[in-house]
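**Q** I'd like to ask some things about the structure below.
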Amino acid sequence: MTRIAQEDLRRQLQAYLVMGSANCAADPVYVLEEAIRGGITMFQYREKGEGACQGADRLALGKALRAICRSHGIPFIVNDDVELALLLEADGVHVGQEDELAADVRKRIGHLILGVSAHTVEEVERAIQDGADYLGLGPIYPTSTKLDARPVQGLELIRKLRMQGITIPLVGIGGITPYNAGPVIEAGADGVAVVSAITQAAPVSEAAALLKEQAGARANR
Ligand code: TZP
Ligand code: MG
């Protein structure tokens, strides 16, 4: 197997839902199904925070969400945990700067998709060298979902990277909604990753459809 082509990944990153049970008021299985019905293009299982499942429950929920993604052809990415990703036959893993080193993760996952969170040009360059397929940049806007998030960085880093000719697929995250997603794509991101804008929305499918419309319309120009 070979690594995913950048152009395929750019399309898949357009409307990226990131969540676990702690983010959902409703059943996470229902939330994911509705988000897919609305048009999300990629999913990350991020089972973290107060009230998150552990052990067998974490695995069981992962299996259920993985099966839904597989049946709809939506890439399934696991946050932080390489072992869980391999167990669930995930399409990839996403790690932050405080997690297992990206270069080590790349060795363990072979051709699978590797996403890395980065906050500076140096972190971006290192992640690329380490074998990242895409980078998550943020928080773009204020967020209350991730309590230990770095300071808000706005759109400057995305613009700067593109100005420097860095072409790796990029996704913005943090405080993004259908109403402020446009400028993230205009700055040079390939997509937007969201937690609460979809998991806390009613109806979920409509929020997902609006997000996809915003990210997709501009990305396809
Ligand atoms: N990484 C940076 S901000 C963030 C993560 C996981 C949380 C994003 O959540 P929301 O609800 O979309 O602001
Ligand atoms: Mg992490």
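Glycine too: its Cβ is placed from the backbone N, Cα and C atoms.
The model shown is predicted, which means the values in this text are computed figures rather than measured ones.
Copying in the features that TrEMBL gives for the protein in this structure:
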- 16-198: domain 'Thiamine phosphate synthase/TenI' (DOMAIN)
- Gln44, Tyr45, Arg46, Glu47, Lys48, Asn79, Ser117, Lys146: 4-amino-2-methyl-5-(diphosphooxymethyl)pyrimidine binding site (BINDING)
- Asp80, Asp99: Mg(2+) binding site (BINDING)
**Q** So for Asp80 (Mg(2+) binding site), how many other CB atoms are inside 10 Å of its CB?
**A** 18
**Q** Any of the binding-site residues Arg46, Asp80, Asp99, Ser117 with a C-beta atom under 6 A from ligand 2? Give them in order, or none.
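**A** What lies within reach of ligand 2, judged by Cβ under 6 Å, is Asp80, Asp99.
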**Q** In sequence order, what residues of the same chain, 6+ apart, have a Cβ less than 8 Å from the Cβ of Gln44 (4-amino-2-methyl-5-(diphosphooxymethyl)pyrimidine binding site)?
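**A** Those within reach of Gln44 (4-amino-2-methyl-5-(diphosphooxymethyl)pyrimidine binding site), by Cβ under 8 Å and sequence separation of 6 or more, are Tyr16, Leu17, Val18, Met19, Ile77, Val78, Asn79, His94, Gly115, Ala193.
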**Q** How would DSSP class Glu47 (4-amino-2-methyl-5-(diphosphooxymethyl)pyrimidine binding site) in three states?
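**A** For Glu47 (4-amino-2-methyl-5-(diphosphooxymethyl)pyrimidine binding site) - judged by DSSP and reduced to three states - the answer is coil.
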**Q** List those of the binding-site residues Tyr45, Glu47, Asn79, Asp80, Lys146 whose Cβ lies under 6 Å from any atom of ligand 1, in sequence order, or write none if there are none.
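**A** Lys146, in sequence order.
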**Q** These are the binding-site residues: Arg46, Lys48. Which one scores highest on other Cβ atoms within 10 Å?
**A** Arg46
**Q** Please report the Cα separation of Asp80 (Mg(2+) binding site) and Arg46 (4-amino-2-methyl-5-(diphosphooxymethyl)pyrimidine binding site) in Å, rounded to an integer.
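**A** Asp80 (Mg(2+) binding site) to Arg46 (4-amino-2-methyl-5-(diphosphooxymethyl)pyrimidine binding site), Cα-Cα distance: 8 Å.
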**Q** Which residues, sitting 6 or more apart from Ser117 (4-amino-2-methyl-5-(diphosphooxymethyl)pyrimidine binding site) on the same chain, put a CB under 8 Å from its CB?
**A** His94, Val95, Gly96, Gln97, Leu135, Gly136, Leu137, Gly138, Ile173
**Q** Measuring Cα to Cα, tell me the gap between Lys48 (4-amino-2-methyl-5-(diphosphooxymethyl)pyrimidine binding site) and Asp99 (Mg(2+) binding site) in whole angstrom.
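**A** Answer for this pair: 13 Å between alpha carbons.
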